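J.: Relevant sequence annotations retrieved from TrEMBL are reproduced here:
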- 41-65: transmembrane segment (TRANSMEM)
- 77-100: transmembrane segment (TRANSMEM)
- 112-133: transmembrane segment (TRANSMEM)
- 145-168: transmembrane segment (TRANSMEM)
- 180-200: transmembrane segment (TRANSMEM)
- 220-243: transmembrane segment (TRANSMEM)
- 278-298: transmembrane segment (TRANSMEM)
- 310-328: transmembrane segment (TRANSMEM)
- 349-366: transmembrane segment (TRANSMEM)
- 378-406: transmembrane segment (TRANSMEM)
- 413-431: transmembrane segment (TRANSMEM)
- 478-497: transmembrane segment (TRANSMEM)
Amino acid sequence: MEKSNISKYDQKESTKVHDINGTQYDSASEKPNLDGDRLNFYLLILLYIIQGFPLGLSSAFTIILQSKKIVTYEDQATFSIALWPYIMNILWAPIVDALYIQFIGRRKCWLIPLQLLMGLFMFYMACNIADWLPESGKPNLKMMLIVVLALNVLSSTQDIVVDGWALTMLKKNNVSYTSMCNSIGVLFGIFLGEVCFTLLVSEEFNTKYFRSTPGTGGLISMKSFLLFWAVLVMSVTFSVGIFKKEKKNLEDGIEKVSVFQNYKLLWEIIKLPNIKGLTIALLTTRIGFIATESVSVLKLIDAGLSKDNIMIMTTVMYVGKFAIPIFISKYITSIKPMSYYLKMTPIRLAWGIVYVTLIYFTPNIIHLNSTVVSVPEYYYLILGFVYVINDLLSFLMLIMLFSFFYQISDPRFGGTYMTLFNTLYFLGWFVPNTLVLKLVDITTFSKCSNDAQNLCSTPDLTSMCTTNGGSCNVYVDGYYITTAICTVIGLVWYGIFKNTLKSYQNLSVSHWMVYSRPLDIDEVHEPCIRSS
C-alpha cells in the first residue's frame, strides 16, 4: 500500500476521495434525515423482524423441550445444530451478491422466493407440530431439527439480502440508521419467536395469569401461532413484490461483479494481516461466556423454576435491549468501541461467576416436592437482577463489537465485509455452544439411588433404575466443571488479545482495505466495479 494514499485517506478534514482511476469526488456527508425515507426505514425493520423470528423459535423449542424433562443435554447439543447456517452463509454470500435478475431487482429476486419458502416451511411445521412435539411422550427431534434448520438456512440467506439492500434502500445520508434497523428488528423478531411463542402456547401461563381451567391449553395453540406467522411472512413478501420498487444503481460504464470476482475479493480480504488476527479473536471471544449463556437457563428449569417465569424476566430484559440502541446510536460512532468491549470483558466474566453461584444455591432456596414448586419472592428479585445485568452486558458488548465492524469495513464492499465478520462472530458462538452442551453431558455423572453399581450412563440403565423404584441422582454436575473451564479460557483470551484489539481500533480504515485507494463514495452502495 502506498504511503501517500494512506496519508491522503487518513486526513479527517479532507472531503475528497479517489476512485481506482484517480478521479476526485466530494464525500462530505449530509446530516441524517428520515423525511422521505420513513417507509423504507420501517420496511427494513419489518424485514429484520422476519429474519429474527426463526432464531427466536429455535430458542423457544430448546426451552420447551427442557421443561418437559424428556431430553438430555446430548439431545440439546444435537438440536443446537439448527443454528449453524448462520456460520456458513459466507459460502454462498458471493453468489447472492453477484447473481440476480435485473428487471425484478437485485435484492427482490432473492428476497421474494426466500421469504415465500419461509412461509411454506412455517405452514408445514404448523400442520405437524402437534405430532412432533406432543403434550406427553417423546418428541420427534429429527423432524423438528430438519425443519428448523431449513428455516434458519432461509433466514441466514435473507440476512445477506437485506443487509445488502439496506445500504441502497435508504438515502446515503441515512445509511447510519441501518444498524438501528438491524438491532431493533432482529431483536424484536427473536422476542416474538422466543418469549411470545413460549408464553402464549403455555397452558401453565394461561391458567396462572388468565384464570383458565386446567386442560384448556395456552392462549393460542402452537399450530395457530405458526399459521399466523406463515400468513404474515407471505403477505409481506407479496406486498414487497408488488409495491416496492428497487433502485437501479448499475449505470453506464459500470459492470456488475461476477461470482468469481466476489470469491476472489473475499479471499483477498481474508488474507489481510489484520483480518487474520481479528479472525482468531472473533472465533474465541465468546468461549469465556458461552456456558453461562447456553446452559444457565436450562439449569434453572432443571432446578424447578417455571419456564414461563423465566420468560417474563426475559421480557424485562428485552425492553432494555430495545431502548439501548435508540439512546446510544448517536454516540456510538464517536467512541472507540473495542476499548469499551475490553473494559466490559472482565466485568462480564466476574458476573458469570455470580450467576453460577446463584444457580448452585437455587435448589436449596426453592422448595420442590412432587407437585408444587414454592419460590420465595426475594429469590425472583435476586435472579431477575443477576439475569438482566448478565444479558445487558452481553448485548452492550455485541453493539460495541458490531460498531467496530462498521468502522473497519471498506465501504465499497461493505456487504462482503459485514457478512465475513458476522460469520466469524456466529462461528465463535454457535460451535462452542454445541460443544459446551456436549461437554456438560460428558462431565455429568449420576448413579441410581438404590443401586450404586448403576451409573445411569445410558437410557436403558436409567429406565432400569426407575423400574426398580430408584432415581438417578447427579453426584458430579458437568455444568460447574464446564463453566470453570470456560471462565479460565476467557481470562486467558483477555490477556492475549487486550493490547492487540486496542491497537486495531487505532488503525485507519485504509489498513483494512484490499486496495490502497478508496472508491467514489457515491458508488459504494452497490458492489460494482468500473469497466475499462
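Placed from the backbone N, Cα and C atoms, the Cβ positions cover glycine too.
Context for these features, please: burial, neighbours, distances.
T.: Cβ atoms under 8 Å from those of the transmembrane segment (41-65) belong to residues 34, 71, 75-76, 79-80, 82-83, 111, 115, 118, 133, 139, 141, 144, 148, 151-152, 154-155, 158-159, 162, 165-166, 169-170, 174, 177-178, 181-182, 184-195, 197-198, 229, 233, 236, 240, 244, 297-298, 301, 307, 310-311 of the same chain, restricted to positions at least 6 beyond its ends.
Long-range contacts of the transmembrane segment (180-200) within the same chain, counting only residues at least 6 positions beyond its ends with a Cβ under 8 Å from a Cβ of the stretch, are 41, 44-60, 63-64, 163, 166, 218-220, 222, 225, 307-308, 311-312, 314-315, 318, 321-322, 325-326, 329, 399, 402.
For the transmembrane segment (220-243), same-chain residues at least 6 beyond its ends with a Cβ under 8 Å from one of its own Cβ atoms are 43, 46-47, 50, 53, 108, 111-112, 115-116, 118-120, 122-123, 125-127, 129-130, 133, 197, 200-201.
Residues 62-63, 66, 73, 76, 80, 270, 310, 345, 348-349, 352, 355-356, 359, 390, 394, 401, 421, 424-425, 427-429, 432-433, 436-437, 440, 479, 482-483, 485-487, 489-491, 493-494, 497, 500-501, 504 of the same chain sit 6 or more residues outside the transmembrane segment (278-298) yet have a Cβ under 8 Å from a Cβ within it.
If you look at the transmembrane segment (349-366), the same-chain residues 6 or more away from its ends with a CB under 8 A from one of its CBs are 288-289, 291-292, 296, 299-300, 303-305, 373-376, 379, 382-383, 386-387, 389-390, 393, 479-480, 483, 487, 490-491, 494.
Outside the transmembrane segment (378-406) by six or more residues, the chain places 179, 183, 285, 289, 292-293, 300, 309, 313-314, 316-317, 320-321, 324-325, 328, 332-333, 337-338, 340-341, 344-345, 347-348, 351-352, 354-355, 358, 362, 365-366, 417-418, 421-422, 425, 505 with a CB less than 8 A from a CB of the stretch.
Counting residues 6+ beyond its ends, the transmembrane segment (413-431) has Cβ neighbours under 8 Å at 80, 83-84, 86-90, 93-94, 97, 159-160, 163-164, 167, 262, 265-266, 269-270, 275, 278-279, 282-287, 290, 401-402, 405-406, 512, 514, 524, 527 in the same chain.
Long-range contacts of the transmembrane segment (478-497) within the same chain, counting only residues at least 6 positions beyond its ends with a Cβ under 8 Å from a Cβ of the stretch, are 73, 281, 284-285, 287-292, 295, 299, 342, 345-346, 349, 352-353, 356, 359-360, 436, 439-445.
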J.: Using a Cβ-Cβ cut-off of under 8 Å, list the residues of the same chain that are 6+ residues beyond the ends of the transmembrane segment (77-100) and lie near it.
T.: 55, 58, 61-62, 65, 71, 106-107, 109-110, 141, 144-145, 148-149, 152-153, 155-157, 159-161, 164, 256-259, 261-263, 265-266, 294, 415-416, 419-420, 422-423, 426-427, 430-431, 433-435, 437-438, 441, 527
